[in-house]
Amino acid sequence: MDIDEESYLNAGPSAPSKIPQGGEGDRLQGMSKKAMKRAAKQARLEEIKPLKRAAERERRRQRTAQLAEGYAAGTLSEADKELVERRRRVEKERKEAQRRIESGDQANDWLGGVVIDLGFDDLMTDQEIASMAQQLGYLYSSNRTAEKPVRTVIHTTFSPAASPRLWQRMENFNWHKWSRCHWWEQGLETLKSQLDPSTSILSVQSVVSKETQDKAGIDTKSLLSRLTGPQVPVDLQAGKHKLVYLSADAEDELLSLSEDEIYIIGGIVDRNRHKNLCQGKAEQLGIRTARLPIGTFLEMLPTRKVLTVNQVFDILVKYLHLGDWAAAFEAVIPIRKYAPGRKTKRAKTETKRNEKEEEEVECTSAEGEEDIGVIEESAEVDPEDVFSNQ
């Protein structure tokens, strides 16, 4: 299925998209011509998304069949052969991890906790919201195949009312099937009070706000039943587990990870626009802050100064497995890719391309869309396909 996207997006008044009626329509009517044109183009883009995704899925199926046939016949290039074998290895690890969960064999799980603070929906652009959703998918995939996975990952401030744009994005990711993950409409302040033995309630029912229920449609109401806050997961105990907000602006350095602590990662993509955001929030809530001991490594990266949410999480789980911060950081972002001799524009472009391909292949493979296959560099990662299981 081929889609002439450019022609469709630039279509004139005859295009099927219409300015909506009611409140949204009134808002658009007050816009300038340029703003209205931009809004109409965005509406047309939303219309063709299902078509693009269907076309991409078909292209992937064809590519997967070609790879399977070529692998069996021994006619693949070395690069394609390596990618196929890597994907098989990751798929094998995924199945083994799933087997352990289903059999109740979680003895190797790390019994501390990680919180993703999603209380920044209003500070991100739509593009950043999309990136945040993708990062949450990568994070889940990493944890599910980790040598020592985190038993409890809580996502706070997540609902149609608390984080409307992220909620909408995440509908395509089947988040409610993710193992070891807990989702709260309530914010970080509620979690803090629940872990405080002087204020926490031993038995509390999951509560979804009336505002959220009023906004919910039929499908959304079924998803709302998967929100578990403010019930603290059974492996975390009030009075025992302490919160630690990870912030690059913190004075204290995190020397090791403790199963008596819950580490908070700020769920925001802001390209470093908002200075001291997480540090300030933690101080306001009275939560201890600490920074990862990787400052010397960050200084060696000429093109990367801000770590993504999934990269921070990956460093944590790699440290849990390796017991060494330097080895953990090197495993997540290899320093060799940023050697002084490779600081040319071409080298940087190649590095970014390779990292993107590696991430997409690993992420897709971990979810087992097919037995053999790769996501090519030009392919758009479809969350509906990539994160469809568990």
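Placed from the backbone N, Cα and C atoms, the Cβ positions cover glycine too.
What you see is a predicted model, and the numbers here were worked out from it, not measured in a lab.
According to Swiss-Prot, the features are:
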REGION    1-72  region 'Disordered'
COMPBIAS  43-59  compositional bias 'Basic and acidic residues'
DOMAIN    92-340  domain 'SAM-dependent MTase TRM10-type'
BINDING   L246, S247, G266, D270, R271, N272, R273, H274, C278, L292, K305, V306, L307  S-adenosyl-L-methionine binding site
ACT_SITE  D270  active site, proton acceptor
REGION    343-390  region 'Disordered'
COMPBIAS  347-356  compositional bias 'Basic and acidic residues'
COMPBIAS  357-390  compositional bias 'Acidic residues'
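Shown on the structure are the features that Swiss-Prot records.
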| residue | record | DSSP (3 states) |
| --- | --- | --- |
| L246 | S-adenosyl-L-methionine binding site | strand |
| G266 | S-adenosyl-L-methionine binding site | strand |
| R271 | S-adenosyl-L-methionine binding site | coil |
| C278 | S-adenosyl-L-methionine binding site | helix |
| L307 | S-adenosyl-L-methionine binding site | coil |
For this session: List the Cα distance (Å, whole number) between L246 (S-adenosyl-L-methionine binding site) and the residue listed as 'active site, proton acceptor'.
Result: 16
Exercise. Mind checking how the compositional bias 'Basic and acidic residues' (43-59) divides into helix, strand and coil residues in DSSP?
Worked result: 17 helix, 0 strand, 0 coil
Exercise. How many Å separate the Cα atoms of D270 (active site, proton acceptor) and L307 (S-adenosyl-L-methionine binding site)?
Worked result: 11
Problem set entry | Intrachain C-beta neighbours of C278 (S-adenosyl-L-methionine binding site), sequence separation six or more, cut-off 8 angstroms | D117, Y245, L246, S247, D249, I264, G266, I268, T289
